[in-house]
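Just below is one structure, and these are the notes that go with it.
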Amino acid sequence: MYGCAPLRHQCDTLERDEKHQQRQQRQEAEQRLGHYTRSLLLLTTAAAARCAAQIQADSIQLNPAAERSEGKTKFGEMQSVYQHLISLLFIFSSLQVNQLTEGCSCALTHPQDAFCNSDIVIRAKVVGKKLLRDGPFGTMRYTVKQMKMYKGFDKVQHVQHIYTDASESLCGVKFDINKYQYLITGRVYDDKVYTGLCNFNERWERLSLAQKKGINHRYQLGCNCRIKPCHYLPCFVTSKNECLWTDMLSHFGYPGYQSRHYACIQQKEGYCSWYRGMTARDKTTINATDP
């Protein structure tokens, strides 16, 4: 799971706290939505009550025959007003919800960047889930059986739960229960592990051998390097600590060969270059623009 709607322009490495800021913005938007919706619903109910009270007051002054006729007219007017207010409530709510459900957009990320920018990297099996009703969309809490931790020992001793948005349009990720082992990356806030579609989450058996080795130790060696995406030609490295990532230029699509088989490792004098180490024959350091 590399992303749900890749952007077709040059993307720099995301800032460390960007995900936290996005989550705070979504929570604030959800709170505003709930507040505005409740306020408008109260106004709607109050207006309907006033209409009903006015009909009752007017009908008292009428004779029985006129009362029935005038009462029907007033009742029809009340229904019309009430329907209009309900329509306004629906439109208002829809506009607010649409702001939150435009879709999840994620920048393309090399697995090494995903590793280096994550607080937690584990291999785990998902054994349960529970929907937490905290806001209009909720949060999904997955219970996991941790197999191995690759990063995050200073953050959490042992991961038991993974939290994500319940809605995929808000970048919530879905895991199968009691089926697969997953590589899960995420961030830690208030001692809780959060992940999403913009994090690198993948079934363990789908990872290449080079990716598994990278997660075990190689990616950590390149966290001081910068993987520079190339979305269109020409593109060049601009500093000695950059590796040029050209998977997006391939007609084979994404994820590409560099993502699956290469790590950007820092060499002597601070220079970074692509490294592939699957077999003895391939244990070579190559040029920063190759492949």
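Note: Cβ is positioned from N, Cα and C throughout, glycine not excepted.
Each of C106, C116, C171 is a candidate, yet TrEMBL gives the disulfide link of C223 to C116.
For C104, the cysteine that TrEMBL lists as its disulphide partner among C51, C171 is C171. Of the listed cysteines C198, C230, C264, TrEMBL assigns the disulfide bond with C243 to C264.
Cross-referencing C198, C230, C235, C272 with TrEMBL gives C272 as the cysteine bonded to C225, criterion being a recorded disulfide. Cβ-based neighbour count (10 Å, all protein chains) for C272 (disulfide bond) stands at 23. Figure note: comparing Cβ neighbours within 10 Å for the recorded positions C104, C171, the maximum is reached by C171.
Ranking the recorded positions C104, C106, C171, C223, C230 by the distance of their Cα atoms from the Cα of C272 (disulfide bond) places C223 first.
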